[in-house]
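The structure under discussion appears below in the form of C-alpha cells.
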Amino acid sequence: MPFMSAYPTVRVSLLFLAIAIGCAFFADLSITAANPWKDLGNFFLGLVTPDFFSYQGLATALLRTVAFAFVGVALGSVFGFLLALAFKWTAVRVFCSVIRSVHELFWALIFLQFFGFHPLTGVLAIAIPYCGIFAKVYSEILDEVDPEPSRALPRGTGVVSSYLYARIPQCWEQIKTYTAYRLECGLRSSAVLGFVGLPTLGFYLESSFAQGLYSEAGAMLILFYLLIATIPLWLRRQTLPFYLAAAPFCLGDGFPIVWGNVSRFFTEDIIPAPLRQGDGWAGLADWFADIAVTEALPGIWNTLLLTQMALVLTGLITLLVFPLISRQFGNRPTRVGGHVFLVILRSTPEYMLAYILLQIWGPSMLPAVVALALHNGGIIGHLVGRQSSSIGLRPDAARGLSRYGFEIVPRVYRSFLALLFYRWEIIMRETAILGILGIHTLGFFVDSAIQNIQFDRALILIGVTALLNIGIDKLSRFIRGRLALQTLPTC
Amino acid sequence: MSVIELSNLSASFGGRRVLGPLSLTVADGERVALVGRSGAGKSTLLKLAWQQCGSDIALVPQDLGLVPALPVFHNVYMGRLNQRSSWYNALSLVRPFKKDRAEVCEVLQALAISDKQWVPLASLSGGQRQRVAIGRAIYQGASALIADEPVSALDGPMANRVMELLSERFRSALIALHDVDLALRYCNRIVGISDGVIALDEPSNRLSTADILPLY
C-alpha cells in the first residue's frame, strides 16, 4: 500500500495491528472447555426462555443496583464538581488522576477489608473513582465555556457569583448530559460490584451461573438491559430529587463496620511485611524485588498483551458494527435492529461479559479479549455510526461496500481513531481488573494477595496498576496530539 | 481627576504591532468617542483600557459578553454581582428578589425591552441583545463607561435614544463609534485612531463631519 502508508493515521493503525498480532503469539487464546458450544447454546436458550419468577430476590437485587449507582454517582459528581473548580492546581490534578486510575472493583476490594460488607464499601467504591473522572471532565467542559461574559462582569465580583452566572449556565446542559451518561456507567459498575460480594445484580448473576440456572441468569440480564434502555423514561427532572432522597435508604443494612478492623488495616495490614517483622531495609528491598519478579512484571506483561489485543479487536469490531446504525447503509428496520444490538453490547459490562464467556469457553485470554472488544466496540460503534449518519453525500455516491470503503470510512477514520485511543486507558483499567476472574493480569495478583491476607502486597500491586494506567493515558494523549486527533469528553 | 489613564500603551499581535505607542487620558466628565476605520485598533485600545482602569466603570464589549442560557433579567442583574454576597446572588438565580426585579424592569423600560424580562436570551434579535448588554452596564450604576460599538445593531431613532440614555447615566465614557454623527452629537471629545496611533484629538464642538471623514 504505497499510497495509504503516506497517512500518519494509517501508519499508526498498521503499527498497532502488527503489535497486536505479535501479542497473539505470546498469549494463551485456547478454548479449554469440553463443550464450549453446547454451553453457549444453553446460555442463549436461557436468554430466550427467561424465568422472571424463580428467584424472589431479583427485585431487591435490581433495587440495590440502582441505589448504589445513585448514591455513588451523586457523591462522585458533587465532589468531582468541587474538585473541578480547583483543577488548575497540580496537586488536585494528580490526586484526581490517581483516584480514577484505580478501578471501582479494586476500591471495593480495599474497602471490603476494613468496612466489610457495609453499604459504605459499595458507595465509596463507585464515588471515589467517579469523583476523579467527573473532576477532569467537568473542568474540561468549564474550560471550553465562552470567557467573554466573565470578562464583562463588574470588578470585584466573587468567584462563586462569577461561576454561578457567567460560567455554569453556559455549560449546564452539557454537564447534565454527561452526568446522566455517567449514571448509566454507574449502573453497570454497581451491577459488577456484586461479583465481589456486594448485594447487587452481579452477585445473583454469579450464583445463577454457578448453578447452571441459565433461565434465571437470562432474566437478570434482560431486566438489566431494560433498566438501562428505559433510563430516559424514568429519569426525569421531576423524579430525580425523589430518587436521590430515596436511594440512601435502599442500600440495605449489610454488616456493621468493625472499627477495630479499620484501625488494624491502616496501622498493621498495609505496612510492608519486612517492616512489620523487623527485617529492616535489606528485607524490604528483597520483598520489593520478590513482588516485582514474581507478580508485578508478569502481571504487567499479561495486562499489556491483553490490552493491545483487545484495543485492536475493539477497532475491528467498531468498523464492522458502525454501519449497522448508520443512515448511509441499510433501511429503517435494519437500523433499529442495529441499535438494539449495539445497546446490548454496550450495556453489558465487560466484566460480566468476560465472566459469561469464561464460564462457557474455559479460562484463557480469549474470553477477556472478546468481552472487552465487544463492549468497547459497541460504544465506539454507536458514536461513529451516529457521526457517519450526519455526513452529506453527493446524490450519485457509490453504494454498499464501495460507499463504505471510499466515502464513509475515510471521513470518520480520524474521529474513530481518536475515540479508540481515548478508550485505550479505559480498556487497560478493565483488563487489569479481569484478572480477578483468573486471567493472569495485574488484578489476578491483587486478588490472590488479598485472598492470602497480604494487603501490603495488594496495595503495592494496585499502585503499580494505577501507574500503568497513568502511563497509558499519557502515551495516548501524546499519540492523539501527534496525529492532531480531537475527542469530546462524553465517551 | 481622570477616569482612564493610559500612558505609552502598545500592543502586538503575532509579532506585528497593532497599537501604539499612544497615551490617552479621559478626565471625569469627559465623554470620548473613538473613531476610525475598522481594524485601526479601537477594540484593542478599549480592551487594554478596561484591563487598566479602576472598579467604578461599566463595560459593553463588542461581542456583548451575555450568557445565552439565562433570561434577560439575570443578564442585566449580573451588572451588580459584585455588590451582593454570593448567597444573595445564588438565591437570585433561583428566585429573584422583588426590589431587584423592579430596578431591572426600570432599566429595561428605558431601553424599551421591558416585555422581554423573562425571555431566554437566545430568542432575542441582535439589536435586542445589544440593549440587554447596555442594560447590564446601566444597572451596574458606575459613573464611567467603556463601550465598543454599543449601538451598531440599532436603527436610527433607537440608536439616538440609547445614546441619549448613556449620556444621562454615565458622567464619563470612552465609546468606539463608527457613526460620526452620533459621535459628534453625544460625545464632547473625539479621538481618531489610524494605524494604531492617535491621528486626531479635538473637542466635538470644534469639529464637523467633514473633519473626521478623512480617517475612513
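The backbone N, Cα and C atoms fix where each Cβ goes, and this holds for glycine too.
It should be emphasised that the depicted structure is a prediction, and the values quoted were computed from it without experimental measurement.
Feature list (source: TrEMBL):
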{"type": "TRANSMEM", "residues": "A:12-34", "note": "transmembrane segment"}
{"type": "TRANSMEM", "residues": "A:65-85", "note": "transmembrane segment"}
{"type": "TRANSMEM", "residues": "A:105-128", "note": "transmembrane segment"}
{"type": "TRANSMEM", "residues": "A:217-235", "note": "transmembrane segment"}
{"type": "TRANSMEM", "residues": "A:242-259", "note": "transmembrane segment"}
{"type": "TRANSMEM", "residues": "A:305-325", "note": "transmembrane segment"}
{"type": "TRANSMEM", "residues": "A:364-384", "note": "transmembrane segment"}
{"type": "TRANSMEM", "residues": "A:458-476", "note": "transmembrane segment"}
The transmembrane segment (A:217-235): which same-chain residues, six or more beyond its ends, come within Cβ distance under 8 Å?
43, 46-52, 54-55, 58, 61-62, 65-66, 180, 183-184, 187-188, 191, 201, 204-205, 208-209, 243, 343-344, 347-348
Going through A:242-259, A:364-384, A:458-476 one by one, which has the most CB pairs that fall under 8 Å from the transmembrane segment (A:305-325)?
A:364-384
Between the transmembrane segment (A:12-34) and the transmembrane segment (A:364-384), are there at least three Cβ pairs closer than 8 Å, leaving out pairs fewer than 6 positions apart?
yes
So which of A:105-128, A:242-259, A:364-384, A:458-476 is most in touch with the transmembrane segment (A:65-85), counting Cβ pairs under 8 Å?
A:105-128
What stretch of A:105-128, A:242-259, A:364-384 shows the most Cβ pairs under 8 Å to the transmembrane segment (A:458-476)?
A:105-128
By Cβ distance under 8 Å, which residues at least 6 away from the ends of the transmembrane segment (A:105-128) in the same chain are close to it?
68-69, 71-73, 75-76, 79, 99, 186, 189-190, 192-193, 195-198, 200, 251-258, 261-262, 264-266, 269, 351, 433, 436, 443, 446-447, 450, 455, 458-459, 462, 465
